[in-house]
Every structure is written in structure tokens, then in C-alpha cells.
């Protein structure tokens, strides 16, 4: 099979039509049997993460099929060469910040080595004990210490649909097509997939009534792409659009849980705060730009009449292959569905094609004022909805602001989330002639707001 | 002299009328001669910080007069007792997060021990070498690793004066007197006093023109109180107002540099982002609640007709002594003033009395949804202006949105800051019968935006 010639993104510091490298050869097979044809983690993916095996300390590893390749054990076994051993040591740490800081070159070298180690040509490694752990037996953690978390707003259909709820005639604000809008989120409350999320209390103001403090009645999810920052930049030292892609270490799924009643009352004039900072759930694996290279697409075309990006946000290669085509899916399981043994119900199917700005533009904009990024910083895309009814990335949109409930197979209805509801995000990049690449799960179940005896609406003195 | 009986805040976990403890005895004198009568750092202050002595590694210390007491050397010399030695070891570290996490009890015990060690009763310590360093010879650093930074908006005169520029008839938004408004800021760009600040580039939109990308033309300061978080809380586990003061480890000065032209164009609908995240300057010393105990005041009275705080923000002791009376001052030195040998020019004198919400209310609100705080998190108060013309905490207010320039002694005028301008914030708590307590300096000079040869407005490809 000839090597496919399609755009690869960020190789050797340039956005160039260089072709996919051998780690994406669809004929590659792994000696880890479950990897071959695996929906998320074939040998062409090789995402990095941090996991805790049973009765052992946490460490870095790589997802491969239903297993995790243990980088601590692999280093101990002397499986790396001169170029990659020091990189592998960083990627074996229980927090990947140092590995992320190394940047694109070392990451690609390590990926190439891992691809070789896990391919059938090294099938004899299958006999070594300790290199693999069954993923189902391990606990996955956050892959890095997140210094700062920034959430963007680049899903234009979401911006338009939410804007329409407030301003039917003028849904998009005048700055939207010039500025990649973003705000700072909370780093401390970012949690690993599977962590239960407690329904938050908060202030809201029902129409024509006094403000009240109570558990949110409009709890929502937001379907987002997460972006991990690799090498950082110094204060006062912007990252130009031409180099921005080199500073991106990988991607994850991100659920920006949102309390819409709290948000509506608090957000003027400084933006969302308590409505969103109680929890943000991310998927555990860092899916690399290399794994997603075949799925790069041109930046989605701007409709006629839209302004061109200002020069600091414009790069010809980024226009040509700075976009991505990744399917994004959000699913709901209610308590009743769980009891009835029903599978998760699909609430929406979207795609990163719906991003108005590329991730390189997000990085260039974020640092354009000299703001310094650090390795392990996380950016969210903002909710990525599609234009159609079955492509909505939040309940706020899917239920038209809570007016039009969703019907579930159990006969239940939802406008917003109830306790016991579990939201699952999934992603998959698919392209003819290539192995498909998945992200793993981003999952969270809603649990009760804190209460205290004799007081079912206020938690005062709980601590 | 009888021990004065006035409210002390947060002692033993309660807001109670317990009296000031002996560390505030105004008759206490130190064997460090410069401390006695010192404007900022008398023996009654004893703020914690991190410093680097000449040719030695960074470490924790305590400001005393013109000197810094070296906690590493003090621990080595065996100056602590069983109760305080482990605490002193944490406070001697080059980052004080572990010390902050210990909370109020250990901090008070260490303070009591330091007060005794530095008082004249232990004058023989003056003969020991290595315990003191001249502050002027040392480099001060950030006292802790800041996990998350939150900026509030509790200066009601600022909120009203800025609101008036946009909405003359309705300056305060309806939520202001119910919700302690806040937003998340950027932790990575918080810098130590003295660090130069590069003028940011950014997008702005002149009226009736296309958006442009250029160095900000409306660079401003904001005069704020910083609040250091001590012991954190778990996710989903709010800190009730009754316990909130125990989670506050101390205070600093904070300059929230702001680019008003960038802010005006970007801030809808998610709040300020690049207009503020390029740099935030803080003073280096953590001034403790114990040092500020004599300066507690009742929460400033709400005008008749203002709503009472909702129950989760109401505590009788907090109402009685949750406020603070600290003078806040902002001064400007231009390049010409520096060349002419002129002293800094006072731009405004304000007071923490102008805060509409107490710091305990800020903590209780921040965690009311279960958001977890971590030791070393930083909260800003928001700009603290007074109601009068000479009490403004930002140029936006002092110049009426840039329409009414400030006149300087050199004959120069300013609407917003020019390159070479240095802003200095100072604070002092003063009360009859007590030693006054200062904060040290919060200083920053504006330097050129980044440029590149042949292109004086855009930094593209700079890196």
C-alpha cells in the first residue's frame, strides 16, 4: 500500500504538506491483540496518560487496546534508545508536565519508538511480564497538573443558538467573527472522568421574585474539545500564529458543567463564575496531534461577507489544514435507564468542523498580549454544537432554554439534569483508508447537593 | 498600659470579642533597631514571605524593620520550641503553600514565637550572625505557587463609577447588592513587585472603524487588596460564612493592570480576558489577619433600602467586625519625574472601608457551590475606589473614561499610562494606641510593547 499523501500538521515546526508518517500506516498491527481494530486505542493512536495499577503508585502510560503500556516498566526494561530514553522517563512520571514542556520533537520521537515497540515486529515483548496492565483494573488520573484553564467560545452554532435565546434578531455579538472569545475557568475543580459531580447550590433570581439560594434547577453539560498546552512561552513574549501548532501537546474531551439559573443571575458584567467553576470533567488520555494528523481539514470556510482573520490570526497553512474533523457525541443514562438495563441515549452528535477558529488561532490569540502559557495548561473549545436539532452540545440548546423537553426511551423527559443522570462524552476521528482514533470516555454522574439534618435547602454550617 | 479590648478576628475559629493578643502590644520593641517606629514592618507586623539572599538559594523569612529574619537560619539555630518548629520549617520553604495549608492555629503559634524571638527580651540574638539580611540586598519573590486567582468586584464606588460611564441612569446592575460578583483571572502572569510590565498588543475597535490589532492606547492600573487562601476545602464541600475567616491566611496589595480598549471590545459576553491577563503585580509580603486584628471594623453599613445579605452570606460576628480599615494609596512616577528627581505623585487615596462585601463573604460565596479552594490561591478585591475625586483606584475613573486628563507637577498630563510610567501601590493600617502596619511596595513600570525590525505595530513571527 502506498504511503498516503495528505496534510500533516505541525511536523518539524512547520505547517506543511509533508504526508502522514509511518506511525499511521493502517497496516500496522500490534502484538497487543485487543488493539487491532480497537474502537479507541489502535496502535495508530498511542495517547499518553497517568494511571495507577492495583497496589502500585501512579505513573505514566500509553493506552493500547484494552491495556495500558507501563512506561516505568518499559524504561526499567531498557526498551528505549539514546534519543528517547530521557523523554520516556518524563512520560513515565505521575504528572506529565515535564513531558509536555519538551514539545513536539521529543514527543514525536517517543511516539515513533512506542509504535515500533508495540508493533508485531516486536512481538517477543508480549512474553515480558509487567509491561501491560488491564485498563479495567487501573485507576486513571488527570494527566498533568493544570496551571491555568481557559475556556473559549469557538463553536459558532452554539454561540448563535444561545444568543438567539436572548437576542432573537441579533444572536451573534459584533466581536464574534473578529475575536476568538474566551474567559478564564477554574483549574482546581477539573476532575478526571468518572468522578461524581455534586449538584451546586447557588443564587438565582426567578422572574418577579427575590433572589434565592438553592440547589440549581437548571444543571447542564457542555460538549467541548480540550486542548493541552505543551511548551510554554515567556511573559510578554507572544506565540505567533506560524508557530502556534508546535505549542499544542494534544487533545481530550471536556464537559463544562453549567448551572444555567446561577449563570443568568451572576454573569453581568464579568462573565460566568460559580455557574461553571464547581466541576469540569475531562477524559484522561492526551490524544496527540500526530495521532490526529490524518483528520486535519481546511479551516471551515467563512460564509461570504465574514471578515478575514486579522493578520495576527492568519496563516496560510493554518487556513489549509488547521481545522479538524472529529465526531463528538454526548449520551445520557438516567437512573431508570440504568435500572432497566438500557444503553446510554444519544443526546447529540457534533463535530469539531463546527469550530469557527482553529486551535492554532486560539493559542496565537491567547498569547497575543504577552500572556504566558505553561506546559499543562488546558484550553476548552467552548460548546461545539452543530446547526441541526440532533447536533446540540448542551441541554440549553436542545430544549430551547428549557421550554421543549427531551423524550427518553423510558418515557422520561428532561429539560435539565436530575440527580443520578450520567453524561458520557465520546469522540472519534474516522477517515477512509486510516485506522480510526478515539478519545476514551469523559463520564460524570450528578449526585445530591449537600444537605444537613433539618435543613433541606441550605448547607450553612455543614463544615 | 492595660491590654486594649477590641475585636480580634478569627481567633480560635470564632469571630468573637476576644481582645488583641500580646503580639500587638504597642510597647513591644525589637532588638532589630530599624523595626522600632518602622512605617511598614514594626515587630507588631511580622509578615511572611520568600526572599533570596545574595549568593544563596531562596527561602522563607519575616520582614522586620529594614531587615529580613531568615527562617532557615533560625530553624538551624534551634530557636523554635516543640510547638512551632515544624511550622517554622514550612514557613522557611522557598514556597509557602504548605505553611498556608496549616491554617490559623499553627500560624498564630509561630507568630507568637517570632514576636518573642525578635523582642528586646531576646536581645542576645542580635549577636548571632546569619539570622538577619538587609532587605535591600535581597530579591523578594512570590510567596507561594498560586493555583487559582479570582478577582472580585466588591469596591462599590468603583462599580458605580465605572457603571456610570456606560449607564448614567443605572450604574449598578441589579445583582450587585445580592451577589459578590467575581471572575477568574490568570495565575501564570501574576508577578512580584518590581517586575517590569510589557505594554500588551490587542484587538480594539475604534468607533465607526474596523477592529485593529495594536499596542493598547488605554493602559490602566487597578488598586486592589489581595487575599491569600490558607487551608483549602474539598470539592463539593462549601465553607460556611461562620468558618470562612479561618481559611484566610493574609493579605497583600494587588495591581490588576487593565487595557481598557481591549476590554471594551472583547468582554461581551464572557467577561474580561486578554485585557487583564497579561500581568498582575502583587506586593511580596503576606500580612496576617493577626497583624491586622486591631483594624477590624463593622461591615460598612448598607444604605437604607439595600437588601440584607442572604443567609449563606450573613454572620453576626462578620457584620460586627468583618470589615477592615486600611489606607490604600496609588502613586505615579513618570520618566520626566524620575529625571527631574521628583517624588512619586499621589493619584488616589482610598480605604478598604469601601468594600461592599467582607473577605469572609467572598470566601463563603466562592465556595457556596462546592468550588474547592487550595492553599496559595489568591483572591483580589476588585478596584477599591472611594466616592471622592481624589479617591479613585483607576485612571478610567480618575479621568472620566479618558476625557479629563490628570495634571502632574511636571506639567505633563495623563489620561492613560505611557511607557516609562511606574505605578506604586502602598497600604497602611493606622489606629490610635497601636503600632501602624504596612504592606511594603507593589510596584511596576510599563515598558515597550514587543516590536520587530521593519514592523513597528505587529510582532508576528517574533518567536
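Just so you know, glycine gets a Cβ as well, placed from its N, Cα and C.
All TrEMBL annotations are machine predictions without curation.
Here's what TrEMBL has on this protein:
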- B:44-140: domain 'Fumarylacetoacetase N-terminal' (DOMAIN)
- B:151, B:222, B:224, B:256: Ca(2+) binding site (BINDING)
- B:153, B:167, B:263, B:267, B:383: substrate binding site (BINDING)
- B:157-444: domain 'Fumarylacetoacetase-like C-terminal' (DOMAIN)
- B:158: active site, proton acceptor (ACT_SITE)
- B:256, B:276, B:280: Mg(2+) binding site (BINDING)
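Projection of TrEMBL feature records onto the structure.
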residue: B:151; record: Ca(2+) binding site; DSSP (3 states): strand
residue: B:158; record: active site, proton acceptor; DSSP (3 states): helix
residue: B:167; record: substrate binding site; DSSP (3 states): coil
residue: B:222; record: Ca(2+) binding site; DSSP (3 states): coil
residue: B:256; record: Ca(2+) binding site; DSSP (3 states): coil
residue: B:263; record: substrate binding site; DSSP (3 states): helix
residue: B:276; record: Mg(2+) binding site; DSSP (3 states): coil
(message) Quick check for the class: what is the C-alpha distance, in angstrom and rounded, between residue B:222 (Ca(2+) binding site) and residue B:383 (substrate binding site)?
(response) 5
(request) Specify the secondary structure state of residue B:383 (substrate binding site) as given by DSSP, simplified to three classes. (result) coil
(request) Go through B:167, B:276, our binding-site residues, and report the one whose Cβ sees the most other Cβ atoms within 10 Å. (result) B:276
(request) Name the binding-site residues, out of B:153, B:167, B:263, that lie close to chain A, meaning a Cβ-Cβ distance under 8 Å, keeping sequence order and answering 'none' if none do. (result) B:153
(request) Select the closest residue to residue B:153 (substrate binding site) from the following binding-site residues, measuring between CA atoms: B:224, B:256, B:276, B:280. (result) B:224
(message) If I take the alpha carbons of residue B:224 (Ca(2+) binding site) and residue B:167 (substrate binding site), what is the distance between them in whole Å?
(response) 24
(request) Looking only at C-alpha atoms, tell me how far residue B:276 (Mg(2+) binding site) is from residue B:167 (substrate binding site), rounded to the nearest Å. (result) 22
(request) Determine which residues of the same chain, besides B:256, B:276, B:280, have their CB within 8 A of the center of the CB atoms at the recorded Mg(2+) site, and list them by sequence. (result) B:151, B:185, B:186, B:222, B:254, B:255, B:257, B:258, B:277, B:279, B:380
(request) Using Cβ-Cβ distances, find the residues under 8 Å from residue B:280 (Mg(2+) binding site) that belong to the same chain and are at least 6 apart in sequence, listing them in sequence order. (result) B:149, B:185, B:186, B:189, B:190, B:191, B:254, B:255, B:256, B:257, B:380
(message) If you compare CA-to-CA distances from residue B:158 (active site, proton acceptor) to each of the binding-site residues B:167, B:263, B:267, B:383, which comes out shortest?
(response) B:383
(request) Write out how many residues of the domain 'Fumarylacetoacetase N-terminal' (B:44-140) are helix, how many strand and how many coil, based on DSSP. (result) 45 helix, 21 strand, 31 coil
